[in-house]
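Per TrEMBL, the feature domain 'Aminotransferase class V' maps to 5-345. If you look up TrEMBL, you'll see R41 marked as L-glutamate binding site. The pyridoxal 5'-phosphate binding site feature in TrEMBL is assigned to A76, S77, W102, T150, D169, Q192, N234, T235. Under the heading N6-(pyridoxal phosphate)lysine, TrEMBL lists K193.
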Amino acid sequence: MKKHNYSAGPCILPQEVFEKSAQAILDFNNSGLSILEISHRSKDFVAVMDEARALVLELLGLEGKGYQALFLAGGASLEFLMVPYNLMKVNGKAAYLDSGTWASAAIKEAKYFGETVVVASSKEQNYNNVPKGYSIPADADYFHCTSNNTIFGTQMKEIPTTNIPVVCDMSSDIFSRQLDFSKFDIIYAGAQKNMGPAGTTLVVIKEEILGKNGREIPSMLDYAKHIKAESMYNTPPVFPVYASLLTLQWLKKLGGIAAIEKINNAKAELLYNEIDRNPLFKGAAAVEDRSNMNATFLLNNPEHAPIFDAMWKEAGISGLPGHRSVGGYRASMYNAMPIESVQVLVDVMQALEKSI
Ligand code: PMP
């Protein structure tokens with residue numbers, strides 16, 4: 001039986017993506033070849049890369065606005081250093097919002113390149129909220145934020161307005177909600193949540209911000225070189241890019257980000273309503289910052305854990321335990337998760353209440 005997969009990433013993808021990917025491994029485009037054995041320079045794969053890059057910009061509403069989409073390797077973690085390498089001036093400085101473990105990992109890398117100003121941090125509260133009311137230094141080379149904090153389950157509801165370039169790690173909520181994406185100069189996201197399997201990272205760049213920081217950048221870390229090579233500077237992660245294209249096509253067919261946002265809101269409302277109603281549970285994150293992608297919650301009485309754990313496993317749920325730094329539970333409800341799976345979890349929570 002197919003599980004209800006609440007894993008934080010790699011995670012659930014649409015069933016049709018699994019099926020089409022499996023078919024392409026056996027025979028890609030009726031070519032008599034597997035997607036795993038074709039050249040990345042073949043006409044059929046160049047078409048995949050071109051369509052994937054164009055579809056990203058189309059779905060984000062960034063077509064014709066001076067942006068380029070790249071499918072790189074190295075995970076979102078490599079972007080933690082590619083961003084300062086490409087944007088921080090020699091003797092310059094960057095501003096970062098410290099809203100979670102991943103934001104803090106990005107800050108650590110930026111410090112290798114120069115002065116890194118932390119404009120605000122919720123670390124003291126174990127990142128249970130998104131800091132607000134901070135100011136961004138106007139003389140920084142860029143401002144970096146994390147739109148969704150996968151581990152604690154908080155999400156930025158407002159993106160600050162500033163005159164300096166804005167860089168955002170959207171690894172765990174890209175393509176999940178409507179935003180004015182033109183407010184960002186760089187958006188990056190590991191594929192393995194809302195876009196595809198692990199192995200590629202999407203980077204969306206406003207081209208005009210590059211080439212201004214006076215650094216010599218090694219080729220593989222230079223966004224401009226990747227753009228010039230149309231995301232084929234070296235062999236790209238062929239299969240993850242293909243599976244990402246299938247997911248992007250699925251999203252477009254569904255009605256794009258506007259349509260999935262409605263579904264994501266309904267899923268989150270269903271689960272958070274139960275967390276708030278059910279006397280056995282409480283939410284972990286500050287209510288106003290709750291993530292629509294990763295809902296974190298705790299049992300009021302940890303002694304109920306063995307019975308609850310047995311019940312959700314019995315119901316075919318997988319991947320529910322929280323990150324070790326938060327404890328409790330984390331229900332990751334990425335784009336591909338149907339609301340029916342959320343209802344299964346809510347039913348188990350209600351059954352637990354009845355059984356106690
Ligand atoms: N940023 C965020 C918000 C994440 O959730 C993750 C991984 N879960 C990362 C960065 C790191 O991504 P990767 O493993 O692709 O380097």
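Just so you know, glycine gets a Cβ as well, placed from its N, Cα and C.
Heads up, TrEMBL stuff is auto-annotated, nobody curated it.
Confidence in the domain 'Aminotransferase class V' (5-345), given as mean pLDDT, stands at 98. Among the recorded positions listed (R41, D169, K193, N234), D169 have a CB atom closer than 6 Å to some atom of ligand 1, in sequence order. Taking only the Cα positions, the spacing between the residue listed as 'N6-(pyridoxal phosphate)lysine' and T150 (pyridoxal 5'-phosphate binding site) is 10 angstrom.
Here W102 (pyridoxal 5'-phosphate binding site) comes close to A76, T146, N149, T150, I151, D169, S171: these same-chain residues lie at least six apart in sequence, with C-beta atoms under 8 angstroms from its C-beta.
Cβ neighbours of R41 (L-glutamate binding site) (same chain, under 8 Å, six or more residues apart in sequence): M232. In three-state terms derived from DSSP, D169 (pyridoxal 5'-phosphate binding site) belongs to an extended strand segment. Here the Cβ of K193 (N6-(pyridoxal phosphate)lysine) has 31 other Cβ atoms within 10 Å, regardless of which shown protein chain they belong to. Between the farthest pair of Cα atoms in the pyridoxal 5'-phosphate binding residues (A76, S77, W102, T150, D169, Q192, N234, T235), the distance is 30 Å. Residues within less than 8 Å, Cβ to Cβ, of S77 (pyridoxal 5'-phosphate binding site) and separated from it by at least 6 positions along the same chain comprise A105. Sequence-distant contacts of T235 (pyridoxal 5'-phosphate binding site), defined as residues of its own chain at least six apart whose C-beta falls under 8 angstroms from its C-beta, comprise H40.
All chains included, 26 other C-beta atoms sit within 10 angstroms of the C-beta of T150 (pyridoxal 5'-phosphate binding site). Long-range Cβ proximity for N234 (pyridoxal 5'-phosphate binding site), meaning a same-chain Cβ under 8 A and a gap of 6 or more residues, is found for M220.
Shown in sequence order, G9, P10, C11, A198, G199 are the residues of the chain, 6+ apart in sequence, with a C-beta less than 8 angstroms from the C-beta of Q192 (pyridoxal 5'-phosphate binding site).
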